[in-house]
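Asks: What TrEMBL shows for this protein is this:
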COMPBIAS  239-253  compositional bias 'Polar residues'
DOMAIN    10-496  domain 'Major facilitator superfamily (MFS) profile'
REGION    232-262  region 'Disordered'
TRANSMEM  69-92  transmembrane segment
TRANSMEM  99-121  transmembrane segment
TRANSMEM  127-155  transmembrane segment
TRANSMEM  167-186  transmembrane segment
TRANSMEM  192-213  transmembrane segment
TRANSMEM  282-303  transmembrane segment
TRANSMEM  372-389  transmembrane segment
TRANSMEM  401-426  transmembrane segment
TRANSMEM  438-460  transmembrane segment
TRANSMEM  472-492  transmembrane segment
Amino acid sequence: PSSHSYRGLTLVLTFLSYTSYHLSRKPISIVKSQLHPNCSALGPNPHNDSNSTTWCSWAPFDGDNYKELFGALDNAFLVAYAIGMFISGIFGERLPLRYYLSGGMVLSGLFTSLFGLGYFWDIHVLWYFIIVQVCNGLVQTTGWPAVVACVGNWFGKGKRGLIMGIWNSHTSVGNILGSLIAGAWVSSAWGLSFVVPGIIITAVGIICFFFLVEYPEDVDCSPPLHHVMTTSEKDPEAVTSNEGPLSLSGQSSVDHHSNSPKEPAEELEAISFLGALRIPGVVEFSLCLLFAKLVSYTFLYWLPLYIVNVGEFWGQRGGTSLAREASPHPSALPTAHFGAKEAGDLSTLFDVGGILGGIFAGLISDYTGGRATTCCVMLVVAAPMLFLYNHVGQNGIGTSIAMLIICGALVNGPYALITTAVSADLGTHESLKGNAKALSTVTAIIDGTGSVGAALGPLLAGLISPTGWNNVFYMLIAADVLACLLLARVVLKEARGWCGPMARQRGYVVT
């Protein structure tokens, strides 16, 4: 097969791989409503010897503290994921990526299934579910560094933003499929909402083990241009004259014999956590992602509940909606009658917007050469859009759909760009002198820092939401602004580059 065939295979396999990762993470947000449902809506209590109003709930989530217990489940996974991500990249660089990724997927399938088996085994001990979530969070960190490293090994920088923007839709596709698959069994046997995704991720992991190719050199294909940097250091024009430093072609007049995967073994050992932090831009983009992912994951975990409960909050202190006050027919607004399933289905539009935003961000950043500027502009526009969604987004189903897609695009666009193209760019930065083996560590640092925000966002939303949904949105807007400010230095570098002699060269990269 040709190099193009292998590249296509790599994209497809890594896409399916990370789709299944997100598919296996989503069921918990869908099943929560079944672990503690509104029992009175199901009819009279069939247990005549009990006056409990939570007879249909699943212990230990049948108490008044069920929200805190759900928060504990979320944070058990997210905190373990954030901690594990910082070490995952180090292991990913030193182990064969194919084994590392496949093993992690099989273990993820095991722990996802174990959560659902609690239903069939009639387990009602909180610590069982907490431990399973912690273990699942740790093993799921194998996915992101491995898939980004594989794609980065095969694709140079010329169209990396667009390619990875399209490829990164696996996150949203996984969330959507996870919602639909979990929803199919949530009311009848919620255990299957976890077991089926667990089987799917295990099966995809086995497929990746047999068919994934880690490096172009493994099948006698030419590596992409980022593997060669020595010529650009001596004569910058030598590389930039061929589609700029972001070339995708993988063709170069430089001898590729020096790019054997065996030869950079010492450089593989040399890159360390601190060494990766010293790569220009890693710290700024990592901190930016912390706040961008905080916003994204708050929507991921709380949006269905917001859609269901916003009608109730309109009458509470701190949660009055301008849309309802301004409407001549408040009772006609559609949010009040949304059930858990309808709200879950509607919330997938946020992920649809995320797909569009990721592609748009990648395309624009490829064209302009300004990754940081693209992120910054989208974050700036996202802040007022979040404000508008909270105040007028519920003013009719059409408005709600449009605002969800727009907010999803603006919130997830920068998040997608940083975790994919930016991570791959920095992992093959010219300061590494041709060592492209830093991809896994750099990706893990950036996404690990972002995962801290992913853990903080839902936690803060849970603490703030009792004071009103307005305050939750103010917190999200503040996070967006902070994410933008943290990129200011890199944006200024890109702006100076455009104003300099390189301004007319399409592939300008700030170093």
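Including glycine, each Cβ sits where the backbone N, Cα and C put it.
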Asks: Take a look at 99-121, 127-155, 167-186, 192-213, 472-492 and tell me which one has the most Cβ pairs under 8 Å to the transmembrane segment (69-92).
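Replies: Highest pair count goes to 127-155.
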Asks: Can the transmembrane segment (192-213) be said to touch the transmembrane segment (99-121) if we require at least 3 CB pairs below 8 Å and skip pairs under 6 apart in sequence?
Replies: yes
Asks: Considering only Cβ pairs under 8 Å, which range in 99-121, 127-155, 167-186, 372-389, 401-426 makes the most contacts with the transmembrane segment (282-303)?
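Replies: Going through each listed stretch, the top one turns out to be 401-426.
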Asks: Okay, the transmembrane segment (372-389) and the transmembrane segment (472-492): do they have at least three CB pairs under 8 Å, pairs separated by 6 or more?
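Replies: Counting Cβ pairs under 8 Å (6 or more apart in sequence), the transmembrane segment (472-492) reaches the transmembrane segment (372-389), since there are 3 or more.
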Asks: If you count Cβ pairs under 8 Å, which stretch among 99-121, 127-155, 167-186, 401-426 touches the transmembrane segment (372-389) the most?
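Replies: The listed stretch sharing the most Cβ pairs with the transmembrane segment (372-389) is 401-426.
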Asks: Taking the domain 'Major facilitator superfamily (MFS) profile' (10-496) alone, what is its mean pLDDT?
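Replies: Computed over the domain 'Major facilitator superfamily (MFS) profile' (10-496), the mean pLDDT is 79 on the 0 to 100 scale.
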Asks: For the transmembrane segment (401-426) and the transmembrane segment (127-155), does the number of C-beta pairs under 8 Å, pairs 6 or more apart in sequence, reach 3 or more?
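Replies: Yes, these stretches are in contact.
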